[in-house]
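Structure, as structure tokens:
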């Protein structure tokens, strides 16, 4: 863990606009809605022959990935390219001992390359925050997932997908199911859902995969899937993060599937028009049955499409905030 | 035109007449009318109805193509452009409320061309404030007006349409 100051002191300008995007925690409903509205404009861009806008023309975006990821990296790359930025993908393997020092050195090197934006993925919580604190002013930092802390663009693409499917957040009951303990996605989702004002948030997981004091985030906890999924509007599945499990938290994958895997039988307990989401990559037959993942209630592929639009939105908004605060200083 | 309010309806009438003769001349068959958000859309809605055009009205949002992103950032109220059909090979009538520097129209043409290659683009504006910074001219205008460097002209609407000269600081 890195030392933390209030993230909103770092990610917002004095006027309350985004200049980095580190976490959904503490952001206002107005700002989250502005991200969704801006993303909506980018979703509609698919109707154009030229699926590209010049907002980040002449800017250099560096995808700084200290942790492997195919889907997030490729959608960030595509988002930056559709904004007309020049994109550099750097996969940097982490040395577990001297992260702080290594990071600073890396940043100095990238600073010398005149980058305008870093998209950061790191296995340590707080990495993006740390980088945002130490980059030269007017470089925007976007968090593409840091340890168990946050994955804010994933949460916002989920919010966009829910809004498209359901229209209004207020009447919804949303269940988040699976490996809550290791999930930065779940944390960012809970903060965003609360701010956007859903009626009820439930988390469903075995005790061993629930963080302590999760109730303090304003969620209802269920260890029984059948009870938890009853009458919900949205089911958000999480991936079982095998690579993050150091101890025996689960008896077996098949046992997990039996109790917490989303099958058609369990989905029938939710509302008849309930939708199913999953951040991917899917472990078929571990968290979710193929019949559900490929079924007509699944929004999994919409999530991927929306991911590009949401990333375009936060990238252009953060760069916009940077340019404005730079202008104020001149 | 020295008073603080200008007769928008009269200017619109003149625009409509010229546009009507252009369309009946047959040089721009089956034109596709597109308004630039927000004032241009209000005008285009009226013109579209009065001229009884076949193709539905299109709406253009230029926020993504503005050239002042580095100074002003992204317009938080950006909405997608909505074109009812393809622009490929069509005669476009582009409608805006005011032309001044020409930068809005430059941005609008970039946005427009992202949808395809039109056969022609005719620019129609209610008011020409001159002070051009780019080599762009309107084909049809309602009227011209010289304003001071600290003044701007604002179209309010959609009902009723009115033009107001305001101090720059008032927005």
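Just so it is clear, glycine is given a Cβ too, placed from its N, Cα and C backbone atoms.
Because TrEMBL annotations are produced automatically, they should be read as predictions rather than curated entries.
Note that the structure is a prediction, hence the values are computed from the model and not measured.
Binding of carbamoyl phosphate is attributed by TrEMBL to A:71, A:72, A:151, A:154, A:280, A:281, and within the candidate set A:57, A:121, A:297 the record adds A:121 to that site. Rounded to a whole number, the distance between the Cα atoms of residue A:281 (carbamoyl phosphate binding site) and residue A:184 (L-aspartate binding site) is 15 Å. Here the Cβ of residue A:239 (L-aspartate binding site) has 19 other Cβ atoms within 10 Å, regardless of which shown protein chain they belong to.
Proximity to chain B, taken as a Cβ less than 8 Å from one of its Cβ atoms, holds for none of the binding-site residues A:121, A:154, A:184. Excluding A:71, A:72, A:121, A:151, A:154, A:280, A:281, which define the carbamoyl phosphate site, the same chain contributes A:69, A:144, A:145, A:185, A:279 within 8 Å (Cβ to the Cβ centroid), listed in sequence order.
Cα to Cα, residue A:280 (carbamoyl phosphate binding site) and residue A:239 (L-aspartate binding site) are separated by 7 Å. Counting every protein chain shown, the Cβ of residue A:71 (carbamoyl phosphate binding site) has 14 other Cβ atoms within 10 Å. If you take the Cα of residue A:154 (carbamoyl phosphate binding site) and the Cα of residue A:239 (L-aspartate binding site), they are about 13 angstrom apart, rounded to a whole number. Sequence-distant contacts of residue A:151 (carbamoyl phosphate binding site), defined by Cβ-Cβ distance under 8 angstroms and a gap of at least six in the same chain, are A:143, A:144, A:145, A:184, A:185, A:188, A:279.
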